[in-house]
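Beneath this line is the structure, given in C-alpha cells, with notes to follow.
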C-alpha cells in the first residue's frame, strides 16, 4: 500500500510550500523511494489555463496536455519525473465531476453534499495517483493557507485519509512562516502556534513543522514550537532563506528531515545518494562571469509568469559555466523607446510564449533586432511566430502588414494563422493544441545539432501555426524549416542559416529542462551567446557540416 505525505501551509501564502514539497520528493528519491506528487488547488477554476498570469503566474503544461499549476514545474525539475494531469486537482474539477455524476444518476437520487460526495471525489483523485504511478510515497500539497474557506473540503478529505489507509501510512507536514521583527531582532512564533491550532480545529495534527524564516533559528525557538505544536523537537525543521532554491533539499537533509520521514513512514533507514545534487549546488554557488540575456515579454513585472523559462536559462548557464543575468524587458517599452537603448548590451534575446496583441509590435521588433544585429535568438511559441512575422515583413516589405490573424484578422499576409481544427472552437479552456507532440528534425540544422536525434517530442500550448502558404516564399529568402510534424503539415521549428544562432520553436522546451540536464536548445542558445560575449561582438558563426556551431561555441 502506498504511503501519503500531506503538506499544508500556514500564516501566509507563498512561503515556499511548492519548493518544500519538491525538495522532500528529491530526498526520498535519493533514498531509492518511488515518489509521485500531487497539487490540490482550492480555487474554483477548472484549471489555470484561462487565468491571467498576473493572477496565477505561469501555466505549466504536462506531457499529457494538462494546463496546471506552476508548482508542478518545480516538482518535475527537482524530482526529474514527468507528471500527468492526475497531479493537479482543483475545486472546479471536483465539483464538475460530482455534478456530472449526479446528472447521470450515479448517486441514485441521494442528496449531494460536501461530505461525503465532494470529499470522496477528492480522496479518489489522491488514490488514483498512487494506483496509476505505482509510487511508494505520494506527496500531496494543499494550495492556499489553513483557514481559507475554499480549502476546507480538501482538509477534511486528507483528515479522512489517515483513517482510510491507516495511521502508519499518513504523515502531515505543516509549512509555516516565522516572521522576523527588524526593530527588535526577534523571531516570533505566535503566528505559527495559531496556525497549528487552526489546523487542529479541522481535526489534523501536524507531525512535522517546517519553519520558514529569513534567518537561521535558534534551538530555543525549535523547543518552543515543539512544545506548543506537540511534536518531537527533531520534527521542527528550520528552513531559512537560501541563495538558490536548489539548496533547499540539502538544508532539509542537514536538518534530518529525510531520515525522520522514512522512519515515521516505516520505510526504514535508507542512505541517501545526494552527491550529484551537492555537486550541482556547488557549481551554482561557484563564481562565474555574467552573461546578459534579454527576456522580452509583456508580464515582466511578475517573474513567475516565465518561471520555467528562467529556470531553463539558469540550467543552460550552469552547464556552460556562466551566470545568466536576465534583463527583463517590457515589449511595450520597446514600442515606446525602440530596441537599441534596451537591447544593445545583451548577448542573447529570448521571446517567450504569450497571448494577445498588447506589446506584440515590441516583440516583433525584438525578433527583428536579433536578426539584423546577429544577436543569438530563441523564440518560444509566440516567440517563433513573431520571428516569422518579422522575417516576412523583411522579405515581403514592411508595408505588407504581414501578421498573425490573432492580432489582425484582416491582414493581407497571414503568415501565422488559426490551426484548421481551431476554427470552430468557441470555448477557451482546455481547447488549444496541448501536450507532447512529435517533431521530425532536418539534418544539418541548428535544431538537429542541438538534439542529436532525428525526432523529438515536445510540449505545446497554442492555437495558431505557421501558414504553409508562405513556406516556399520564406524558405527561398533564407528561412529554414528545421522541424515539422511527422506528416509534414505543421512547421514546428524555424531558423536562419546565415546567423550566429537564430531559432524559433512552436513548442515550450522550457518545460522539459532539468537542473542536471539542461534542454538542448537552451544549452546551445547560451553557448552561442557566450561565444558572442567572448568575441565581443555579434557576428555569424560557421555552421559545420554536421549542423553544429563552431567548435569554440561548444567549448
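Backbone N, Cα and C atoms are what each Cβ position is placed from, and that goes for glycine too.
Residues or ranges marked as active site, nucleophile by Swiss-Prot on the basis of sequence analysis: 381. With a cut-off of 8 Å between CB atoms and residues at least 6 apart in sequence, the same chain places 352, 353, 354, 460, 461, 462, 505, 506, 507, 508 near residue 381 (active site, nucleophile), listed in sequence order.
According to Swiss-Prot, the feature active site maps to 508 (among others), an assignment based on sequence analysis. When other Cβ atoms within 10 Å of the Cβ of residue 508 (active site) are tallied across all protein chains shown, the result is 24.
For residue 510 (active site), applying a Cβ distance below 8 Å and a minimum sequence separation of six or more within one chain yields 308, 309, 311, 312, 352, 380, 519, 522. Per Swiss-Prot, active site is recorded for 510 (among others), and the stated evidence type is sequence analysis.
Residues or ranges marked as UTP binding site by Swiss-Prot: 13, 188, 189, 190, 191, 192, 193, 224. Reduced to three states, the DSSP call for residue 190 (UTP binding site) is helix.
Classification of residue 14 (ATP binding site) by DSSP places it in coil, neither helical nor stranded. In the structure as shown, the Cβ atom of residue 14 (ATP binding site) sits within 10 Å of 10 other Cβ atoms. Annotation source Swiss-Prot lists ATP binding site at 14, 15, 16, 17, 18, 19, 71, citing sequence analysis.
Here Swiss-Prot flags 292-535 as domain 'Glutamine amidotransferase type-1', drawing on sequence analysis.
Listed in sequence order, the residues 9, 20, 21, 74, 175 complete the 8 Å Cβ shell around the ATP site centroid, once 14, 15, 16, 17, 18, 19, 71 themselves are left out.
Classification of residue 510 (active site) by DSSP places it within a helix. Looking at the residues that bind UTP per the record, 13, 188, 189, 190, 191, 192, 193, 224, the two CA atoms farthest apart are separated by 23 Å. The shortest Cα-Cα distance from residue 14 (ATP binding site) to any of the binding-site residues (188, 189, 190, 191, 224) is found for 191. Nearest in space to residue 191 (UTP binding site), taking C-alpha to C-alpha distance over the binding-site residues 15, 16, 17, 71, is 15. Taking the Cα of residue 190 (UTP binding site) as the reference point, the closest of the binding-site residues 15, 17, 18 is 15.
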